[in-house]
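Enquirer: My questions all concern the structure below.
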Amino acid sequence: MKTLLLTLVVVTIVCLDLGYTLKCNKLIPIASKTCTAGKNLCYKMFMMSDLTIPVKRGCIDVCPKNSLLVKYVCCNTDRCN
């Protein structure tokens, strides 16, 4: 009985993925922040005039489309931006 109960608890925790949150870099990559619920992507924003230096980083729910002035790069793993 105890084994069955323990098995059910473990399966519940694995299925619900309790406590998992995405971590994304801030503008300075050394610092990261934990994303709020619903924001499941990390992003980097670049100005099209200089694609080597990101001007903004953080968490986002949907990856924005690029424009003539701004390029976005999105990813979905911890500190991938």
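Keep in mind that glycine also has a Cβ here, set from the backbone N, Cα and C atoms.
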Enquirer: Of the residues C59, C74, which one does Swiss-Prot pair with C63 through a disulfide?
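Expert: In Swiss-Prot, C63 forms its recorded disulfide with C74.
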Enquirer: Looking at Swiss-Prot, which of C35, C80 bridges to C59 via a disulfide?
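Expert: Disulfide partner per Swiss-Prot record: C35.
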Enquirer: Per Swiss-Prot, which of C15, C42 is disulfide-bonded to C24?
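Expert: Disulfide mapping in Swiss-Prot sends C24 to C42.
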Enquirer: To the nearest whole angstrom, state the Cα distance for the pair C80 (disulfide bond) and C24 (disulfide bond).
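Expert: Between the Cα atoms of C80 (disulfide bond) and C24 (disulfide bond), the distance comes to 7 Å.
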Enquirer: I'd like the Cβ neighbour count for C35 (disulfide bond), meaning other Cβ atoms within 10 Å of its Cβ, all protein chains included.
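Expert: For C35 (disulfide bond), the 10 Å Cβ neighbour count is 19.
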Enquirer: Around C80 (disulfide bond), how many other C-beta atoms are within 10 angstroms of its C-beta?
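Expert: I count 16 other Cβ atoms within 10 Å of it.
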